[in-house]
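Record features (TrEMBL):
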- Gly104, Glu105, Ser106, Gly107, Ala108, Gly109, Lys110, Thr111: ATP binding site (BINDING)
- 11-638: domain 'Myosin motor' (DOMAIN)
- 514-536: region 'Actin-binding' (REGION)
Amino acid sequence: MEATALLLDAAAVGDLVLLDPLTEESLLHTLQERFHRSDIYTYIGNVVISVNPYRPLPIYTPEKVQEYHNCNFFAVKPHIYAIADDAYRSLRDRDRDQCILITGESGAGKTEASKLVMSYVASVCSKGEEVDKVKEQLLQSNPVLEGKRPRLTPCTQQLKLRQDCRHYGYLNRESSGLPGVDDAANFRAMQDAMRVIGFSPAEVTALLEVTAVVLKLGNLQLSSNYQASGMESCSIAEPQELREICELIGLDPSTLERALCSRTVKARDETVLTTLSVPQGYYGRDALAKNIYSRLFDWLVNRINASIQVKSGKQRKVMGVLDIYGFEIFQDNGFEQFIINYCNEKLQQIFILMTLKEEQEEYIREGIQWTSVEFFDNSIICNLIENSKCGILAMLDEECLRPGVVNEGTFLTKLNQLFATHKHYESKETQNAQHIMDASLPPQCFRIHHYAGKVTYNVTGFIEKNNDLLFRDLSQAMWAARHALLRSLFPEGDPQKVSLKLPPTAGFQFKASVAMLMKNLYSKNPNYIRCIKPNETKAAMLFSPELVLAQIRYLGLMENVRVRRAGYAFRQLYGAFLERYKMLSPRTWPRWTGSDSREGAGVLLEELAFPPEELAFGHTKIFIRSPCTLFQLERRRQERVAELATLIQKMFRGWRCRTQYQLMRKSQIIISAWFRGHVQKNRYKQVKRSALIIQAYVRGWKVRRAYRRRFRAGAGARLANFIYRRLVQKFLVGLGRNLPPLSVMDRTWPPAPYKFLASANQELRSIFYRWKCKKYREQLTPQRRNLLQAKLCASELFKDKKTL
């Protein structure tokens, strides 16, 4: 329940659905407060927001992996492991394909988030030799694929995972690129990773050679020349650079120079070689480098997938991880920003629709009436861009294919005519028609009102970048190279497969790629991670509110929260709800004894007297509409917990005092019992001693009387008396020489030599002992005497009172 308390922390809620009031300022303040607490993860329902701390945090340990393994999503603190575990268990237990969408700006931590997701899944999935091998290959693919991407390549990253984790496929377009060779350590790490994945030394060498070709093409400079006809042409300025490239790929330098500086045009049955100007030559050079780069990356991804390919015939499930740039708004936005924002617009559309679908499905499962949710439907924006007949991309393709003079001006004019009244499109011309003065919109630009805000696009370069054509001469030159890997990247360069059909434009390819991506995502269960960059300098734990607020808008977080809380903001299983709030009702505290937890939750909420419209009872969950009701419930709980804590303290103190009293009383009784026993024992000894003395006197008196009677009876008696006296005298003389010690504790006494002296001897013993006791008492000090008298009084006082 600790995590539930953290989610309900009013100062920094762990779930923004519970934010009250919901404003941009409160949302920003909550993220900032949690960030300063090192809580970099926050929820919007089952969406995870990740704020990059730019420093290591101790929250990715093996212990944390175990903590989030098989956990309830909302029973633990917000963490990326929670969403990874939820997706993995849904894949494993429910047999549902998964996708995890990770969005954010460059530097927001998207690549690190994808690594954490993959490392978590690799840690918790099945074990085995084959599985461990695939895990290691998957994790080692990161050093191979990390780097910077070309700006125009489609943005996708996908992780395919079999249900028994024996197959992973990895496809990364957004955050990956050529092997990193920044320094020796990275280079060694990349080589080790490729060895683990299964690349042969020859493949590694070939890959590095093609990478070098891309780098060297960027250094290739062209110079301007003029032919005899006066037409401008271009040539290689530094032939040495050209020769180095050709040595790497096994190609004649003249062939590559001809392909870079001229173009073959077929007209009817003739083939005409036309020279290129320097700008045209640079365009061809850049197009070649870009194509080699893109195709090499595709080959690299396919090679990695092939090394960890699942065996055919085995059933498999898929977990897709989409790592993509977030919405982009720069000072100068061009074709790249246009297609990236188009992709984000589509992702926002699928997020809203799938979130609403998920909400609706849960309402139906729980038997709660579904009401329509008002939200901004951005399909009108998507249609503005992608409509196949009159969308912006369609108009751009039409301009690229139109004969005659084609430039960005004619393209913008066509857009202004088509979308003059469109409420999400504006340009300088449409503003003038509506008599709107706006100095922020330049003439060569148009503006689209995206879901995340208004973006102004400069049409300069749109047509050129959309064409993005690779001349057939360059493809054929790459096919003619003896380098096997490079040759395999350009199959269209084979003269036997020459096609006169124009290749698709960049916009068309991107639109098709986005459509395929959307279809793929619709078929899977979605999970979302929104990454935020807290500052521009990548300083540890520095939070820039203005920068973060802009990303909050670009990522559509406010819209996400509104959609999520449009119906009921909070829902929880009856058992967990009753366990947390049962102390608020005497009928459910300390334990509910009814039939089921649903009934107990109903009894509890009935006594709390919340408005009926704030609550809804599903089959397995309780639904609470507004966050303020939940926080009121939580406040009552905290007050009741404080009362219970006070009660527990009071009961404990009472128990402790009673226990101490009972222990003291028991000790007093034991001491009294021992003292009384000691006194009674001594008194018994005194009484017994007195009885013995009396008996000795009586026996002595009887002996003397009998003796006198017998002595009087005759002379014999006198003689006997004489002998008796002599024996007694002898006994007394001997006794005087052998008296025992004067200690009162010494009870020894010499035995009588004759039987007839036994009683007399006993009487003498008693007399001697009394005399010794008298001498002992005379030696006692007054204090000692008083102490013994007090003990005697105590003995008399407690006499016959043992039961007390």
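The chain as shown is numbered from 1 upward.
Cβ from N, Cα, C; glycine included.
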Folded-back contacts onto the region 'Actin-binding' (514-536), same chain, C-beta under 8 angstroms, at least six residues removed: 31, 35, 44, 46-54, 80, 83, 86-87, 90, 96-110, 113, 117, 154, 156, 318, 320, 322, 326, 342-343, 346, 350-351, 354, 358, 386, 542-544, 547-548, 551-552, 555, 557
Residue among binding-site residues Gly104, Gly107, Gly109 with least C-beta crowding, 10 angstrom cut-off: Gly107
Neighbour count (Cβ, 10 Å) for Ala108 (ATP binding site): 23
Structural state census, the region 'Actin-binding' (514-536) (DSSP three-state): 9 helix, 8 strand, 6 coil
Number of other Cβ atoms within 10 Å of the Cβ of Ser106 (ATP binding site) across all protein chains: 13
Other CB atoms, at most 10 A from the CB of Glu105 (ATP binding site): 20
